[in-house]
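Peer 1: Before I ask anything, here is the structure I am working with.
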Amino acid sequence: MLMNIVTLISWDFKRNNESFQRAIINGYDYWSRILDDHGVEKYVILLTCNRVELYYRGDPFDVQEKGYNIISDDMAINHLFHVAAGLDSMSIGENEVLKQVKQAYEKSSSMGKSDKFLSLIFQRAISVGKLVRSKTGIGKGKVSIPSIVYDIVRKNGGNKILLVGNGMLASEIAPYFSYPQYKVTVAGRNIDHVRAFAEKYEYEYVLINDIDSLIKNNDVIITATSSKTPIVEERSLMPGKLFIDLGNPPNIERGNNVITLDEIYEISKKNEMLREEKINQAEILIENEMKATMNKIKDLMIDDIFSQFYRFASVVQTMEIQKFRKMHPEVNENDLEALAHSIINKILNVPVTTLKAVSRSQGNSDFNRLFESFSSNFNDIVSAALQSYEGLRDTQSLRDRTRQLLQKS
């Protein structure tokens, strides 16, 4: 794990649906205020129908909304890569989430809330999402009944959905059709059961008294009950409507616009054979991109350290050139500056490239220890040097301070 690169606080439909339903009520401004109140300056907020994710530069902190998950650095980056690739979605490989990741990053960037680390992480995540889809075609085959139903509705249906039933299968399907993308009405025979079920997802609810009227007012009719007799008769199969029957025995009499549970099982079996191979391919791609991204992050961290040293070198360069010019006014100042700049770059290039090369062979935890020890003492030494030169203090104090710090390290 690298030091304070990115922290992620998240709620999502899979890990704790109840707390997620409370968190998703709040919009972008609410979460940005939470981050601002905790002194966070750089962040990206990803809000979708299925997740609330706060990526930010800073230490973990507690938030009022409970049930959240909190991870940091390489774990957070790995999670983002899986999200962008569609591996953490209800519908594996879906394209919409990649668009949402891109929009979240662009919004943060346009507001000045993204720095070079967040930019690197999100740009790489977007690239990973595109790469996984182009190399594996992972979004083309779903396995679970709810995800297959969701795919069918997304491709062929409208946005007004009648869900008949409030049992286990209905509860697995319900989270897929969140507001505002879909308007869902839950129907059943027991008003108390239907109300309790619908209120979990903030859906509308009705008694199933006039099925024809309910069918007329919706685009998609999904039945998932244990009724022993059909709920929808053949005469009620209105043209232009999509019927999905998940009942066993069947809830809907057969018709041309009825998709049955057996048909969905066949889709699932076919896709299951392809899915495992595609997920494995995607994981390999993500692992490779993670290694490349971690190395780039290490480079940025090392560059940050040496940028302070370059600043020190620039101060020394300016002052020494001024001294030299007093003794040799005939020398062209621009040529002298170019020469000095070239010498500094060539000298500092050796430790920079060496440290970057060493970091490639270090695990993240080993690099962390090395970096923390090196950067702490190095920054103290350079800060003392800068103060000495910029303040024109006695260079003897600089030598003494440097010697003490080196002995301490």
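The backbone N, Cα and C atoms fix where each Cβ goes, and this holds for glycine too.
Take a look at what Swiss-Prot says about it:
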| type | residues | note |
| --- | --- | --- |
| BINDING | Thr48, Cys49, Asn50, Arg51, Ser89, Glu94, Asn95, Glu96, Gln100 | substrate binding site |
| ACT_SITE | Cys49 | active site, nucleophile |
| SITE | His79 | site 'Important for activity' |
| BINDING | Gly165, Asn166, Gly167, Met168, Leu169, Ala170 | NADP(+) binding site |
Peer 1: According to DSSP, folded down to helix, strand and coil, what is Asn166 (NADP(+) binding site)?
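Peer 2: SS state of Asn166 (NADP(+) binding site) = coil.
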Peer 1: Among the recorded positions listed here (Cys49, Leu169), identify the one with the smallest other-Cβ count within 10 Å.
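Peer 2: Output over recorded positions Cys49, Leu169: least Cβ neighbours within 10 Å is Cys49.
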Peer 1: Work through the binding-site residues one by one (Gly165, Gly167) and point out the residue whose CB has the fewest other CB atoms within 10 angstroms.
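Peer 2: Sparsest of the binding-site residues Gly165, Gly167 by Cβ contacts within 10 Å: Gly167.
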Peer 1: Among Thr48, Cys49, Asn50, Arg51, Ser89, Glu94, Asn95, Glu96, Gln100, the annotated substrate contacts, find the widest CA pair distance and round it to a whole Å.
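Peer 2: If we measure all Cα pairs in Thr48, Cys49, Asn50, Arg51, Ser89, Glu94, Asn95, Glu96, Gln100, the largest is 15 Å.
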Peer 1: Between the binding-site residues Thr48, Ser89, Asn95, Asn166, where is the Cβ count within 10 Å the lowest?
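Peer 2: Comparing Cβ neighbour counts within 10 Å for the binding-site residues Thr48, Ser89, Asn95, Asn166 gives Asn95.
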Peer 1: Counting other Cβ atoms within 10 Å of each Cβ, which of the binding-site residues Asn50, Gln100 scores lowest?
Peer 2: Gln100
Peer 1: For the binding-site residues Met168, Ala170, which one has its C-beta crowded by the most other C-beta atoms within 10 angstroms?
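Peer 2: Per the Cβ count, the most surrounded site is Ala170.
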Peer 1: Can you give me the residues near the recorded NADP(+) site, meaning same chain, not Gly165, Asn166, Gly167, Met168, Leu169, Ala170 themselves, Cβ no more than 8 Å from the center of the site's Cβ atoms?
Peer 2: Ser171, Glu172, Ile173, Phe197, Ala224, Thr225
